[in-house]
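Structure record follows, encoded as structure tokens.
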Amino acid sequence: MELSEPKQRFESLLSLFEDVANKRYSGDFSVKKNINAPQVPPRSYSLFNVTGGNVSSYNNQQQQQNNNNNNNNNNNNNNNNNNNNNNNNNNSGEISSNNSTPSILFSPTPTSTAPPAPPQPTTPPNTGFHNRPLSININQQPIGGVNNNNNNNNKDSPSNKPLRLSGSPPTASINGNQIEQLQRELRNEKEAHQQTKYLLNSFADENKKLSNDCQLWRAKYFKLLTKNTKLKVIFDHFQSIMNESDSVPGEGSLVHSTSYNSSSSSSSGGGGNITPRKLSLAGGGKFDDAPQSASALLKIHHQRNQSTGSAFSNTIYNGEEKTRDTISYNERPKRQTVGSSTFFPPPPSRATSTSSIQVNSDPQEIEQLTEEQYLEMLEKRRQVSLQILQTEKEYAFYLNIIVEEFLQPLKNESNLSNNPFISKAQVKQLFGDTEVILGSSKLLAEDLENVLLDGTSNPIGLGDCFLKICDYFKLYASYVKNYYTSISVLNKLKEESHKFQAFIQEKEQILLDSNFTDLGALLVLPVSRIGQYTSMINYLFSLTPQSHPDYEPFKKAVIKMKSTVDYVKEKIRDNDSQNKVRIIQNQMTGKFENLNLPHRRYVREGMLTESGKGSNSNQYYCFLFNDIFVLSTPIKKSNQFSFKKKISLSEAEVTMISDPEDRPIFQISIQNIDSQQDNSPNMLSLNGIQNAINNMTNNDSKSKNNNNNNSNGNNNNNNINSNSNSNNNSVIDIKSSGVLINNGGGSGFISNNNGITNVNSNNNNNNNINSNNNINGNNNNGNNSVNYSNGEDNNDRECFTFIADSNRDREDWIQAIHANIISSKKRNETRKPEDIEKGGIDFSVSDIKLCEQIGSGGSGCTVHRCTVDGFTCAVKVLKLKNTSPFLVEQFISEITIMVKLSHQNIAKYLGHRLSGNQLWLFMEFYPHSLKDVITKRTSPFPATEVIWMALEIAKGLEFLHTQKNPIIHRDLKPGNIMCSLDDKGRVCSIRVCDFDTSKELGNGVTLKTCIGTPCYMAAEVLNVADGGNSGYSLKADIWSFAMLCFEIISLLPPYHQFQHLQSIEMIINGTCPPLPTDLIQPKLLQPLIELLVTCIDLNPNHRPNASQLVQKLTKMLKNTGMMTE
């Protein structure tokens, strides 16, 4: 159906209704007869709802009104009904202006009983047809008569006149079905439009979702790409280490083969047509036969590395001639990228290290290369050299940032400021030799630029450049060793100094446009760069023909560089191992001796199951160090371990045995306690230490004699007895490597390589025992065991049998334990008694660095933190010049006392030495003193912590007082109690220290020297000057212990609110120091306070001794519910 005809009909209907509305306001309701107008039905039909087009009789009006709430017109009685008896009668007739009113037709609500207002002759108001609040459905054709419901009985009223409709199309031309069809089409169009809109919104949402998914996948891709690159770097590093471990290079062991050497089979035949060997690079690119562009030489991945990776990516010049310019280290290089690989790709596998570089001494080798191949080789050598120059410039640029932006301003702050937030010592610890390293980097870059940018295609002198700079690479050793200290100082300053933190944050803003986030990421650059120099030199060496003038300098540079890097790597491994020992020390709980010793190194750890009788088996988490084997049990829901047992490897043997159930079992045996000699460092004779002290006081600097190592010819040939019984069980005791055996009537040979011995045991007369990491037992009902022993009787040994996770795990454990048993025994054979007493520090070769001052001693000495071969410890330094002999003797007495002490609550003695005019005493380092903790604390300690701290101090005091010759401390106070803090800030690892005023007491000996800190001194110590006083003894420490505990409770020194003379008088009278009233948990503290009051009794005999204190404090701690060991 076409749309033009219905449209015309709509327009006609609209004009009709507009005319009717206009005539209503003008008062002219006469409608002329129109032939084309639709015929109005008789008046028996009422047009009661124009909007709906529904026509019904009056009898149906009430029902229609109930069903349709939208009908706004209520039908009333017929206008022609003048009688009250004819209310329900409907009259029919033609519509005229005398009995019909258009106001009823268009009124949205039923009309009121009041007569309508007279028509206005003026212009119709704004409430025209289109502005009236009536919703008219013009899609329906008005049919039927108009029912006038006006209640006005005046027939002559204009409102009662009949109405003639005109201007409408004929009835025959208006089809209701067509209108309804048009409506449906319009509705369909509208629905189609809404559906299209919905689809567009759906597509937009789906597009957004796909975009987010693409971003996620892109992030995952780059993450996997980063992991892949890191794994490749690790693999290349592992491959280089494996190649380096093949052999140790020497001057005469280098056999060079050029990069274009073919295989031995190719080179054996004559002729010059030899295919050049392709060199694979780390980035995925490779050198082909012809020179390639930079993009083909190396594939660069731009990745961000914030901490430990290399600083720069693998960049290469494009081979074009560069104009020579001045090196600037203040301008950022053009290419700044960060890669997780090295600055420079590692050389090929045949040239990864010095040990794998082969230099052929055949002078005819160079003649095998054609001229074209030789020139290509030199060109690639030049390209690699340009790449090294570029990366060296970038490296120097970032070093210059460290020096100019950080180091120099901090130096000025420490030197010129009246109140510096950083000291000179901290600046030195933080940056080390960065300035010297920057100078060496600039020197290398300038030398390389002078050689490479001279316009020649065959630069000569590269070998001399690296040989010259190799001596400077030794500076990296001290920097790498100091790196961990540098990072710890940096973190500590950030935490403690707001000014330093603000300074660092301000300076780090210049790194926003780089790939480094902070100063710590810059400080790691020299650590990673030193390893890259080796790859650079080795790679250039592999590209240098033997006939080239740079060959010999490069060979010397390779040897020098390898020795330097090996030393640096060894120090890095030592630092990592020592850090691991410190971590294990903090994770261990229970009663155990200090694990953190200078010579101790971490080896491995893992879970082992102890094989017990029947079904009894205990699981231990074992830690293997280079001198001890520690058994512990993991604590559930914690990263801590409970200490169980320590096995000294110098007295141990490891045994690999087979099991009928084919379980991976091995055994560790140690000498029984009854038969062991106490070789504890602090329990040895004091002759060695006393001699050392005498030498120091006499300023004797004579060198010590070398150790005499006597060896006999039977070291490598020992007998092994294999006795066979009825079950064909064979046991082989291996006492050394390379031994002959005699098994019954047969003979065989056993070889032991790398600490791993494998036994092939057969019932033949001839037995061969090879080192193949397997044990094959072909005996009937037989068990084989291999014992690593020192020839002692096994009846006096205690055995521990463990089950490993697998055979491979068992072999790894046995290999590691056996290797460290051998090294531990060798160290004990060569160490002197005084060296053992010093805790394993060899001061003659140790690298000792004095760090910041952390305190001062009572004998005129200073206390510093220091590092001994990277191991952090505390040192007391006494200057002998212009120092009274009394103070020197006091210092020596402290050393003599500390040598004898070994307890978990006593500071550990590590060693001493005489250096020039200074006497050094090395002790275990603790970061805090109890005085520092009390001063910084803002709220009182909980009662359980107070009791625990008092118990730990009492244990240390008990150890001193119960020695064979009791030791009195005489200066017990918070400043002489060292401690650590756990991750929650609670006090832990309490140690009693500072024994410069301590004294050994004999039986019945009393002291009469007034010494100590006044507010902590006992009354009898203050009265020692009186003639009637008989002196004091160990009970004076009990008084000082009470005063120390009063300060822990109140967080204030005893008698702090009184003047000095008043406090002395109160002490002499035995008055207890006042305590604050706002104590935490006073009921729990009440027993402790009562105990402390007994400790300050004026009669020393009425005071409890140290052992009684420990017993009572332990009982108090149990009553609080706090677990103790």
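Each Cβ is built from the backbone N, Cα and C atoms, and glycine gets one as well.
As recorded in Swiss-Prot:
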type	residues	note
REGION	50-175	region 'Disordered'
COMPBIAS	59-91	compositional bias 'Low complexity'
COMPBIAS	92-106	compositional bias 'Polar residues'
COMPBIAS	137-161	compositional bias 'Low complexity'
REGION	247-287	region 'Disordered'
REGION	322-362	region 'Disordered'
DOMAIN	380-571	domain 'DH'
DOMAIN	601-822	domain 'PH'
REGION	693-729	region 'Disordered'
COMPBIAS	694-729	compositional bias 'Low complexity'
REGION	761-791	region 'Disordered'
BINDING	I854, G855, S856, G857, G858, S859, G860, C861, T862, K876	ATP binding site
ACT_SITE	D971	active site, proton acceptor
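The two recorded residues, G860 (ATP binding site) and D971 (active site, proton acceptor), have Cα atoms 15 Å apart. Taking Cβ-Cβ distances under 8 Å and a sequence separation of 6 or more, the neighbours of T862 (ATP binding site) in its chain are Q853, G855, S856, K876, V877. Here the C-alpha separation of I854 (ATP binding site) and the residue listed as 'active site, proton acceptor' works out to 19 Å. Using a 10 Å Cβ-Cβ cutoff, D971 (active site, proton acceptor) registers 20 neighbours. Across the domain 'DH' (380-571), the prediction's mean pLDDT works out to 84. Under DSSP, I854 (ATP binding site) is assigned to a strand (E or B) in the three-state scheme.
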